[in-house]
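A.B. asks: Let me give you the structure first, and then I'll get to my questions.
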Amino acid sequence: MRGLAALALLLQLCAAAAALADPEEDYTEDVELILSLIRKDDSQAELESAPSAQFLRCTKAEWRVPGNYIVVLRNGTHENQVERTMRALRARAARRGYLTEITRTYSGAVRGFLVKMSSDVLHMALKLPHVDYIEEDSTVFAQGLPWNLERIVQTEHESGKYTPPNDGAQVGLYLMDTSVQTSHREIESRVMVTDFNSVPEEDGVRVHRQANQCDSHGTHTAGVVSGRDSGVARGVSVNSVRVLNCQGKGTVSGVMAGLEYIRASLQTQPISPLIVLLPFAGGFSRTLNTACREMVRSGAVLIAAAGNYQDDACLYSPASEPEVITVGATNAADQPLTAGNTGTNVGRCVDVFAPGDDIISASSDCPTCFTTKSGTSQAAAHAAGIAAVLLNAKPSASSAEVLQLLRHHSVQQVMNPDSLPAEHRLTTPNMVAALPKSTSALSDDALLCRSVWSEKSGVSSFDTAVAHCRQGEEMFSCSSYSSGSRAGERIEVRDTHCYRLNITDFHRNSTVSYSSKVIIDSCLCKLTYSVVSTPADLDLSLSLSQVEVSCEDSWTLTGCNSVSHGSVTHGAFGRGNTCVVKASDQGKGAAAIAICCRYRPLQHESSKHSHEQNNH
C-alpha cells in the first residue's frame, strides 16, 4: 500500500511538472486512469456512485444496431478530453475482460466517437466524465418502392416537352444514398462520386454485390434530380456520398460521418447555394437531427424523405427535424401514396408533398436502361429539383425561404382529406410541390406565410403545447384548437430566433397553430369577417359547426381567430389561405376573423409619403 501511495505521489508530481510546461493541458485524468489500472480494488463502488449520462436508442427494436454506440460528449469538450475519454473506456473495459474498438470520431455538430463494444460495458461508458449521452446506432433505409414531369409544370407547354423556368445550373447538391452508376446516359458528367463510403455489411451470407444492384437506388434518385430526360433540374451538379449499402441500408453513425465529410469538403471547396438530399428514413434520432440542424445553420438546404410507413413522420429521422424540409409522396391522382401495407408518412412534420408513384428514371441495369420506382425518396428528389430551380433564381434564399417558396408555388387543396388518418387531417399540409408558373413569378413580392402545428398537449390541467418558428422566420399570430376545452394561448419570446406560444387544455388534447413568415420590409394588413355559422352546417363526426373565411387574391392569411355568438368555440386554425373555426352546435354559432396582409416595400411607402408632402 505504501508503494502504491508513493507511486501515486510520484505520478501527481509528474503531472504537476507537465502542467507547468504546458498550462493548457490537464493531466489529472491520465493520472487517475493509470492508478485505476494498477489498483486491484479499482473503482467499482466509485463507478456505481457516479452519475449516469442518458442512454438513447431507436424506438423500433428491429432497426437497432447492437454493439455500436455513438458516444456524445458535452458541449465545450476539448479534443484532448475526447482522447482521454476513449482511453478511459478502453482501460475500464479491458479490466473486466472486454474489448472495445473506436471506429470513428466526430468533431462537427457533435463531439464524440463511435465505439463497438459489448452492451455489458455500456453502464461503465455512461459514467465516464464529459459524456453527455450515448445513442445506440440504428439503421436508416432508402425510401424507394416505384408519372411524370407533367405534374409539376403548371403552365401551358408543348406536349411531351418539359420546360422549367431554369435548369438549376448554379446550384450544387450532395446526394446521400447508395453508390451511383455515373456511366448512365441520364447522369453522365452530371454526377461526381466522392471518396466517402460508410455503410454497414449487407445482411445474409449470399449477397451478391453486383454494381447494378448496389447502384440501383442512388442512380434512380440522381436521375430524378438532374437526369437528361427524367430530371427536374437538369443543370444541377450532383456529388454522391455513399451512406447506404447494396440493400439500401445505412446507419445513423454513417450518415453523421457523411454530413461531417460534406462540412469538411465545403471548407476547402465552398458550394453556394447548396442542397443536401437525404432520401432515407430511420427511427427517431436526436443525434442525427442535431447534425442536420447544424448543417442547415451553416447555410445548406436539407431535404428529406418523410418515410414509407403510413405513420406519423415525427417518429422518424431526419424527417422529424424542424429545420429539414420533409417531403411526403403523392400518386398521379394527387392523393397520398399507398402501396399495400406501405405508403407515405403524414402529419405535422411533413412540410410538402411531391410526386412519388411510378417515377420513371435511370436504371442501373445498363447505361441506357430506365425503370420506375415509388416512395418518398422519389418525392424528396422532386422537391430537391424544384428547390434547385428556386435557388437558381434566388441564390441567397435561406432554407426557411426555400420552404416558403416551395409551399407558395405548390398546388393546394387537391388531396382528399378523407384519405388521411383522422388524427392527422388537420395537421398534414394539403400541398403538392410544383414549379413556379413563370420566371417572373420567382420575383413576385408576395408575403410568404405558413401555418405550423404543435404536437398535442397532455390531458391533465395546465398541460401545455408549444410550437415555434424556423430560424429566419417571424411569428405573425397564434391560435389554438382543442377537441375539449382550452384556456387560450400566449406568445413568449424564448431567444433571438425562436418564437413560442403555450396553451392550456382542461379536458382533452389540444394543439397550437400559428402563422409564420419570412422576414421582409413591411406589410399592409386588414381584417376579414365571416358570416355567423349555424347548427345546419355540422361536422357529424365531431358534432361541431364550421365556418370559414378566406383572404382575397394577392392577400395572405397571417392570423385566424374566432368570435362566439353563444356557442362554445373549439378554436381557429389556418388551412392554406382560409381561416377555419369550429364550434359546438349549441347557441347561435360563431364567426371567423381572418387577418389578411400583403407585401408593401418600405421604399415605395417612403416615396409615396414624400409625394404626399410635396402635394401639401
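Placed from the backbone N, Cα and C atoms, the Cβ positions cover glycine too.
Curation plays no part in TrEMBL annotations; they are all automatic predictions.
Features from TrEMBL:
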- 1-21: signal peptide (SIGNAL)
- 68-141: domain 'Inhibitor I9' (DOMAIN)
- 175-410: domain 'Peptidase S8/S53' (DOMAIN)
- Asp177: active site, charge relay system (ACT_SITE)
- His217: active site, charge relay system (ACT_SITE)
- Ser377: active site, charge relay system (ACT_SITE)
- 443-496: domain 'Proprotein convertase subtilisin/kexin type 9 C-terminal' (DOMAIN)
- 541-600: domain 'Proprotein convertase subtilisin/kexin type 9 C-terminal' (DOMAIN)
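Quick one: where do these features end up spatially?
C.D. replies: Around the Cβ of Asp177 (active site, charge relay system), the number of neighbouring Cβ atoms within 10 Å comes to 30.
Other Cβ atoms within 10 Å of the Cβ of His217 (active site, charge relay system) number 28 in total over all chains.
Over all protein chains present, the Cβ of Ser377 (active site, charge relay system) has 34 other Cβ atoms lying within 10 Å.
Computed over the domain 'Proprotein convertase subtilisin/kexin type 9 C-terminal' (443-496), the whole-number mean pLDDT of the model equals 72.
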A.B. asks: How far is it from His217 (active site, charge relay system) to Asp177 (active site, charge relay system), counting Cα to Cα, in Å?
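C.D. replies: So the alpha carbons of His217 (active site, charge relay system) and Asp177 (active site, charge relay system) sit roughly 7 Å from each other.
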A.B. asks: Which residue counts does DSSP yield for the domain 'Inhibitor I9' (68-141) in the helix, strand and coil classes, in that order?
C.D. replies: 24 helix, 30 strand, 20 coil
